[in-house]
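Data block below; observations after.
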Amino acid sequence: MKCAGDSVAERVVKQVLDGHVAARTPIWMMRQAGRYLPEYRAVREKAGDFLTLCYTPDHAVEVTLQPIRRFGFDAAILFSDILVVPHALGCDLTFEQGEGPRLSTTTNMSELNGLRTELDASKIDRVYEAITRIRAELPAETTLLGFCGAPWTLATYMIAGRGTPDQAPARLASLRDPAFFEALMDRLVEASASYLIGQFKAGVDAVQIFDSWSGVLDPEAFRAWSVRPIRRIVSAVRAEVPDARIIAFPKGATLSGLTELAQATGVNGVGLDWTADRRATRAQLGGRYALQGNLDPLALIAGGDALDRAIDTLMADFRGSAHIFNLGHGIRPETPIAHVEQMIRRLRG
Ligand SMILES: Cc1c2[nH]c(c1CCC(=O)O)Cc1[nH]c(c(CCC(=O)O)c1C)Cc1[nH]c(c(CCC(=O)O)c1C)Cc1[nH]c(c(C)c1CCC(=O)O)C2
């Protein structure tokens with residue numbers, strides 16, 4: 001058996017993505033830099049506005065490093081947002097406190113034609129600068145992750161102009177105006193591939209593609225709008241960065257959807273949300289793909305015995321496999337820091 005983590009200078013998350021089984025399961029958390037941390041809230045207040053935070057390298061570097069300093073996670077994830085891509089294609093974007101994102105809508109071919117075909121370098125170069133600086137400041141053994149939103153998930157926000165519960169506007173657009181929808185996906189595939197290539201060149205070790213809304217798609221639409229665009233991104237990225245390590249997180253995907261996605265795209269790892277059947281997923285995909293996840297973020301809010309039990313069951317289900325510990329979705333702002341500390345003690349012993 002291949003073993004990871006024998007030397008402290010090795011980036012264990014990266015090794016697990018290469019198929020190694022870690023002696024000590026690596027840990028990171030989706031949204032690990034965020035509002036549950038007082039030091040994040042302080043920087044956020046200073047920056048004033050969320051997008052300013054994302055595009056100011058001093059701030060982005062600082063908040064990316066905060067959870068690493070506090071908890072010593074095995075991976076840092078670039079502090080940014082998936083909606084930076086539509087923004088750098090020319091969509092108006094604002095984040096209202098407590099309301100989530102608001103975007104100018106893109107609902108037809110003429111609105112799409114009004115957007116840029118390439119990412120605005122004056123925005124995106126600041127993200128690349130932050131990456132290079134983060135890598136220079138991170139401990140050598142910490143993996144640096146970049147990311148992007150999957151085209152389907154980005155399209156849901158671009159078409160509706162905001163988050164909606166079931167993404168009806170985007171689903172409807174794909175049915176009513178397939179030519180527009182295909183053209184939108186093409187634009188997002190190209191922009192996302194170039195964005196990820198830029199992130200690798202700036203210094204990330206691996207990337208995660210967030211398809212947060214793939215769970216609202218029927219099997220055929222999942223194949224068309226989740227699997228196919230991700231496959232195109234993976235092959236475009238690997239054409240430039242042959243050893244690019246890529247994790248896909250298709251939230252809400254069924255096991256057959258997850259399997260199809262892993263096989264068709266050739267990603268190195270898949271992220272499981274908290275509803276995934278761990279043993280069935282492991283039986284189907286373990287050994288060929290790294291599995292990442294999948295603690296219920298609510299168990300982390302609950303703490304106490306419920307948290308310990310959830311962690312023990314999860315670790316027993318994944319023991320002996322190429323596993324990266326994570327939550328099944330982002331940590332919520334109301335999560336007590338003491339519970340994150342409890343989680344790390346339980347995992348590290
Ligand atoms: C769908 C999505 C978005 N953004 C993201 C996704 C995919 C993951 C998921 O499913 O949650 C991804 C994301 N967003 C953020 C990161 C940073 C890295 C990390 O720590 O994980 C990452 C990887 C910071 C953020 N992105 C956002 C915040 C909160 C902004 C604030 O400080 O007010 C953070 C820390 C804002 C955001 N950004 C988005 C929404 C819907 C919201 C509002 C909801 C919310 O406030 O949590 C879009």
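Every residue gets a Cβ built from N, Cα and C, even glycine.
Per TrEMBL, the features are as follows:
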type: BINDING; residues: R31, Q32, A33, G34, R35, D81, Y157, S212, H329; note: substrate binding site
type: DOMAIN; residues: 26-35; note: domain 'Uroporphyrinogen decarboxylase (URO-D)'
type: DOMAIN; residues: 145-161; note: domain 'Uroporphyrinogen decarboxylase (URO-D)'
type: SITE; residues: D81; note: site 'Transition state stabilizer'
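Long-range contacts of the domain 'Uroporphyrinogen decarboxylase (URO-D)' (26-35) within its own chain (CB-CB distance under 8 A, at least 6 residues past either end) are made by residues 5, 12-13, 16, 41, 44, 63-64, 66-67, 71, 73-77, 79, 143, 145, 249, 324-327, 329-331, 333, 340, 344, 347.
D81 (site 'Transition state stabilizer') is 13 Å away from Y157 (substrate binding site) when you measure Cα to Cα. D81 (site 'Transition state stabilizer') and H329 (substrate binding site) are 15 Å apart (CA-CA, integer value). Between the C-alpha atoms of R31 (substrate binding site) and D81 (site 'Transition state stabilizer'), the distance comes to 10 Å. Annotation for A33 (substrate binding site): same-chain Cβ neighbours under 8 Å, separated by at least 6 residues, are Y40, V63, T64, Q66, P67, I77, F79. For D81 (site 'Transition state stabilizer'), applying a Cβ distance below 8 Å and a minimum sequence separation of six or more within one chain yields F50, L51, C54, P101. The average pLDDT computed over the domain 'Uroporphyrinogen decarboxylase (URO-D)' (145-161) stands at 98. Comparing local CB density within 10 A for the binding-site residues R31, R35, H329, the maximum falls on H329.
Summarising the environment of Y157 (substrate binding site), the number of other Cβ atoms within 10 Å of its Cβ, over all protein chains shown, is 28.
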